[in-house]
Each structure stands twice: as structure tokens, then as C-alpha cells.
């Protein structure tokens, strides 16, 4: 009954958040990672937790979201690729793909997931790639430094790549897009990055054989520049949306192919990111440390429930053991149950 009420509330919230239009779309997922059909909204700040759960990692707080079903305990995806597209609320993907409304679209990163991969698989060589070409932000870890060594990451490098043979300028129908406009070049540069990553993954298919899962995080802002310069009713926006949709589908197919359909590929479309609501306040830890002469630790932490259960059940087991042992000792017959008394009685009889 309670679960039905929760799902009903999520469905109503999904209808209300449909006005905003921002969405989370799952392009590819393995059979053992199940996304439920429905319009359940998910908060932008919870997307990193969702990515962590799809990869089989634990999170600090439970994600009370019905869109993701409980997965297998013995299988986890080999990779997860999250692409954030800024500048529009949704893309025209096929209808059979799971898509969910995104509410409270605040900026987020997958740093926590990357740290978990690094911590749990320190002895392996996972691929972690976080890239935002428009802002020239790049973070690579593990095998990514080798696989993507030749990947153009700065705008100058990407534009140099566009002038080479086999670039998207010659392979894609640009129609209304111009190679002489800065906004168009920024968008095409990000499309070129997606094509280059796909090509490098096809070249290094051995990545799927590594026991450590891989993580890819890309943020694309070129479409936002197209909207800012031409508007959403322009032919440039229509052509850019069409190119980006087909490119993302090809990228998802390539990732799924490299990892033998053991990868999750999500696309987050956000018209504009909202600044997170913050409130100036003093830290509780800071206040408690200043008020204590003994520099005492904070009373609770995230492992409190685990430690409490270990101590509680250990005490119960020890108490039961003491009771059982005491009962047996109290009802023991020294003449029959104790070898000491038995030997003593025999010695007395012999004497």
C-alpha cells in the first residue's frame, strides 16, 4: 500500500515537472540493469547516486526513486557513460527508450563515483574520463591516460582536428551550419570529440576485459551557443539537434559494442543549469570543535548504524553464550561429568 502511494506521488510529480522539460534518458543498459517505465522525476543532484547504483556501488543515502529496479548481486556493468547536453530540454530519441523528467537541474559532477572506482579498484587500471570541451576541463585516470593520449581536448586542438581528413566537417551534412562561425565550430568540435572517443574505443576493445569498471562523463555546451546565437526556431538549431541526436545514438551503440552490451549510457538534457540554493551558516563540526577543550570527534558518522549493529549482536551472542555455559556448569554432576572428580574417586577407592 505504501509503495503504491509513493509511486502515485512520483507520477504526479512527473506530470508537474513535465512543464520544465529537462530529462534523463537511458540510451543503453544491460539486461540485468532494469529501468522501469514511468514518468518519475529525479533531482539533478541525485544523478551521481543513480550512476553509482547502476555500477553496483553503495551510496551514503538511499535513493528513493522507483525508476531503477533492484539489480543482480553477481553482475555489474563494465562501463557507464553519462553525457550532459546543455541548451535544450529533450532530444528526439526513439520512443522505446526509457526517459524521465529531471527536476532541480543543478550542476553536478561524477567525482564521487570516480573516487569510488579509484578506491575499490586501486590495483587495477580502470578508465576514468571526465571532459567538458567548451570549458577545456579534463580529468583522466588509469588507462585513460594511455587510451586517450591523442584525444584533442582543448578548443585549439579540436579545431585543428576539424581541419584534418576524416573530420565531421566532411562526413556530416552540415546544411545550414557554417564552418566559419564560432558557435557552429564549438558545436561541431564537441561532435568531433564524440566521434574520436568512439574511434579510440573501437581501437582499444581490450578495455572491456579489465576487471575494473570504466567511467565516462562528458558535458556538451555547443548546442547552448547555437540557441544563444540563432534561437530555437532557426534552421541551424534544427540541423544541430538532428546531428547531435544521431551522434549520441552512434556513440551509445559504439560503447555498447565495445563492452559487449555490458555498459550503461545516459543522456541528461538541460536547458539551463540552476544555481544551487545555498545558505551561509557555520559548520556544526567547526562549532563543536571550538566549544570543546578536548577536541572531541563528531558524535555520529555514516558508519554509525553499521558499528551499532555489530556491537549489539555481538553483545547478544556473548550474553547467550554466558547463559548457556553457566546453566550447563550449574547442572553438571561432578561425579559423572568431570574427569577430575572421576579420577579422584578411583584413586580414593584404590587407597
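Cβ coordinates are placed from backbone N, Cα and C, and glycine is handled just like the others.
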277-303, 304-330 - the range that TrEMBL marks as transmembrane segment: 304-330
Across the domain 'Renin receptor N-terminal' (21-271), average pLDDT on the 0 to 100 scale: 88
